[in-house]
Amino acid sequence: MGLRIIVVLAVLMGVTGSPTTTVRPETTSVDTAAHPNSIPETAEETGQNEVFSEEEAAEDVMATGELNPNHYPAQRAAKVVQHYLTTRYGSPYRLFGLHRVHSGNAEDVGDSGRKYQLEISVHEIISNTTQKCSAEVFFPHGQKQESPQVQASCEELLNISTKAQEEALYQQYKMNQTLLSAQNLPDSHGHIEPDVKPLWHLGIVASSFIMLKESSENTLYNMAQVANITQLETENEQLKFDCHTLLHDMVSQEILHWKLLFAWSPAEGVKVLQMEQLPHCQHCEKPPNTN
């Protein structure tokens, strides 16, 4: 199957945990024109470093052997590694982005799936640290879609300590007299007030769990926006948040609306408790290009 596609390399983020999922199949197929609630991603907030515009006329999506690192198959598999690292290690002060794909190789594993071996550079956005990493991504084949399996070696990035910052933020949120709430992160001009950036980062971490779980050999997900996020009352040590997030499937150009319930503490990290794909909103304005 030949594929011609414009591949845009953008960088986003994820969570930990085993959520319950309700999925409604409706999605929004959009002409990304103008929407005050979503914005083009910037390198500062999402870690986007390069934009690739490659015509992939010659490369099959299901190609085996050595891959062009700038083409869709290698970029897609590398993006899954980004989501995986964020789900495992992301926090309000630690977010991972895909900086570059150096090389990639794909091979069929019998009838069970396809395995990708990658050499990539991963960028920890907040500390502005980049490291070359080795990764392996396995996409299972079968009648029912399963989440990709990922292994990655990025020890230097994982040694970055954010414990003190996270503990201070946790105590601030826990002691607030009023529960926190924010909308449209970022706004239509790409702006986020400094005091709500940690909420934006938490939304990225939580949304990365969806992007990891839903990823396949036919998807490439970016995050468009946290439409709203609200802190909820809780009786335990975990802070709890309700979140509505917008994701952009770069292949289909669909904008996907998801509702998330997640918890966070420095000790336990982000845990997604529930996630639900929302139906298409007929009255919502369409998001702009999130490339």
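Every residue gets a Cβ built from N, Cα and C, even glycine.
What you see is a predicted model, and the numbers here were worked out from it, not measured in a lab.
These features come from TrEMBL:
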type	residues	note
SIGNAL	1-17	signal peptide
COMPBIAS	18-31	compositional bias 'Polar residues'
REGION	18-50	region 'Disordered'
DOMAIN	63-162	domain 'Cystatin LXN-type'
DOMAIN	181-289	domain 'Cystatin LXN-type'
Margin query: Could you give me three numbers for the domain 'Cystatin LXN-type' (63-162), the DSSP helix, strand and coil residue counts?
Written below: 22 helix, 48 strand, 30 coil
Next item on the list: Could you tell me how many residues in the domain 'Cystatin LXN-type' (181-289) are helical, how many are strand and how many are coil under DSSP?
Entry: 21 helix, 49 strand, 39 coil
Next item on the list: Please give the average pLDDT for the domain 'Cystatin LXN-type' (181-289) in this predicted model.
Entry: 91
